Amino acid sequence: MFFFGSTCLQLSRACLTRNLILAYQSFGVVYGDLSTSPLYVYSSTFAGKLQKHRTEEVVFGAFSLIFWTFTLIPLLKYVFIVLSADDNGEGGTFALYSLLCRHAKLSLLPNQQAADEELSAYRYGPSSHAVAPSQLKRFLERHKTLRTILLLVVLFGACMVIGDGVLTPAISVLSSVSGLQVTEAKLTNGTLLLIACAILVGLFALQHCGTHKVAFMFAPIVIIWLLSIFSIGLYNIIHWNPNIIRAISPHYVLKFFRVTGKDGWLSLGGILLAITGTEAMFADLGHFTALSIRIAFALLIYPCLVIQYMGQAAFLSKNLNLFPNSFYDSIPDPVFWPIFVIATLAAIVGSQAVITATFSIVKQCHALGCFPRVKVVHTSKHIYGQIYIPEINWILMVLTLSITIGFRDTTLIGNAYGLACMTVMFVTTFLMALVIVFVWQKSILLAAPFLIFFWSVEGAYLTAAIIKVPQGGWVPLVLSAFFMIVMFVWHYGTRKKYNFDLHNKVSLKWLLGLGPSLGIVRVPGIGLIYSELATGVPAIFSHFVTNLPAFHKVLVFVCVKSVPVPYVSSEERFLIGRVCPRPYRMYRCIVRYGYKDIQKDDGDFENQLILNIAEFIQMEAEEPQFSSSESSSVDGRMAVISTRNIQSSLIVSGHEEIGTSNSIYSSKSATLQSLRSVYEEENPQLRRRQVRFQLSPSPSMDPRVKEELIDLIQAKEAGVAYIMGHSYVKARRSSSYLKKLVIDIGYSFLRKNCRGPSVALNIPHISLIEVGMIYYV
């Protein structure tokens, strides 16, 4: 009993230590944006018509509004409620949408299968079969239009996050360098703009290094910043106006609106800047734990920011003419320059975190089939999920510089920034209410008060932000409209192409009628035929065979697809089955990735595929449900394969070899050998694992299984070829003008200017065979 108690104590201490370490690390990643808000909140709030109401009473009311907003939304909504709605430890808009898709049939992803529901990550959370489905759930599942609207809402929130990635660096860096105008030098606006642009260019230029390169600096910078503004806030409270403490009472909020009226309501667009960056607590949950983020917020973020806002209000209540640079003016002269340097560094840290989150959002949109293929670089070996997307990085830089140079005013940028952030929070509240009903299986009577209360609070801020659309608020709307159009065009074209493949599949009866030889020459080797179809034989197969009547002895139809879970473990990634009976040597392999998984080019895909097929062949012979009859293993029956026990039947020996494909390495053709040598010289950085398979002696092995395994090994030794469709998608002549515009111009332009599917799937170019096809959709 004593041993059990001491073990539990050790585990709890280890858990606490881990969460404290994660809480420390979260300051540099999660809270950089939120902690730099004091730079511009008061100056933005009192920049408009509220200038007519610069009195001590109004300043007290503004602080009271900031305090209660900061308490209700970041503390009550996010820390206590939203952080509990994680998806296998992941957070963000897509995590909520993924949970909803799994607990209600709301997904619009193509090629989904019942086998996907057996994934361990899929079953995360309460069982959806525990209670009878509600009428609301049945209503949403029955109407595809409503499911489409839900996806559009999620994508609109994602587009606003991308807009946030443009606006955060602009307002943070411009606000931090504006402190130079407080000094004796009195720099001109043009000089400040040049300094801000130089910092922004350097920030985006260093993105390829990855956050992990300087991550050890981030947390100390934010912690020093928080302690500094806490100290300054405390000094200002004591030195200028200790009575500010009374403004914590909500009574001052009522007095604020009684005095200011409509002008006070319009000023909410500046007040909401105090909570910008709150969404990062949930969006970056995957790198930390909910407890660690709660600890960091409760112990340091909340008290430091509240004291800073209180101290700044105390200073302004006695200095009613110093609102434009209120933060820097409130700093005592002896510590001005150290605070200025720390503020600039903290602004860069906050911008870095939002840029990284933008990369993650774009990756998740692509996994949903709603964004063109882009290059994704994994920047950290230790922190999974930290990625860099070059194309998006440079687009963000150009947009950020354009906004910084175009506006030159933190108030106008703040109007745009506030609208983007509040829209994301509004969407999160809506999705959270659905999670309470569908995932947590609580009553609508519990979800409705949550939705009504927070929508009423956020709605007041959102309407105030919308009023300021002409004064800069149009920026996130234009950015979101642009990215929504890109997403819609790509999603629409991709779905039309998939539906064409689905309706033009090759008949299995036709294949079976041809016999095991398929009526063509079966040459040695393995042919990997890539398609988006999870069932059936794609049209490119018949198109290839009719133009070149020869094919490999072993055929594998490969489908790489996304499933609505954040990660798929390597043991569950491969789904193997047959397309035709055993003599045909035709298999199907479905490779599943989560919306946060990264497809790495480790050069081991071919070997993993062979091991999984070999395991399937043995499993089929040993388990009755797979070996009931020879004809039963036609298209449809699939099995999740784990390669942990394959060593019993296959002996694997391997070494590192420079090159790209075993197919060329094992070829007897002198021409192909010379091509391989040239390719190696041009690509010295590529290193693939060359593996040789041998069948282990086993007297009890079924002769048919042994023969099939030998054919598989020999085919692997002969070489592997990758066959893909090189498609041209065009609208039918009878299509409407709008459809022709979307398909022939929009979708065609995106396909030509995004990464090719072979590059995205890390297929070695020298082993690739492309089959040209025209899709009339």
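For all residues, glycine too, the Cβ spot is worked out from N, Cα and C.
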According to TrEMBL, which stretch among 264-283, 544-563 corresponds to the feature transmembrane segment?
264-283
Could you pull out which residues elsewhere in the chain have a CB under 8 Å from any CB of the transmembrane segment (58-80), counting only those six or more residues past its ends?
34, 41-42, 45-46, 50, 244, 246-250, 252-253, 255-257, 259-260, 264, 267-268, 271-272, 274-275, 278, 281-282, 293-294, 297-298, 302, 305-306, 309-310, 313, 316-317, 320, 425, 429, 454, 457-458, 461
Answer key: the stretch among 187-206, 218-238, 417-439, 473-490 with most Cβ pairs under 8 A to the transmembrane segment (264-283) is 417-439
Touch test for the transmembrane segment (473-490) and the transmembrane segment (335-362), at least 3 Cβ pairs under 8 Å:
no
Name the range, of those listed as 146-167, 187-206, 383-405, 417-439, that has the largest tally of Cβ pairs under 8 Å with the transmembrane segment (446-467).
417-439
Contact count check, CB pairs under 8 angstroms to the transmembrane segment (417-439), set 146-167, 187-206, 335-362, 383-405; argmax is 146-167
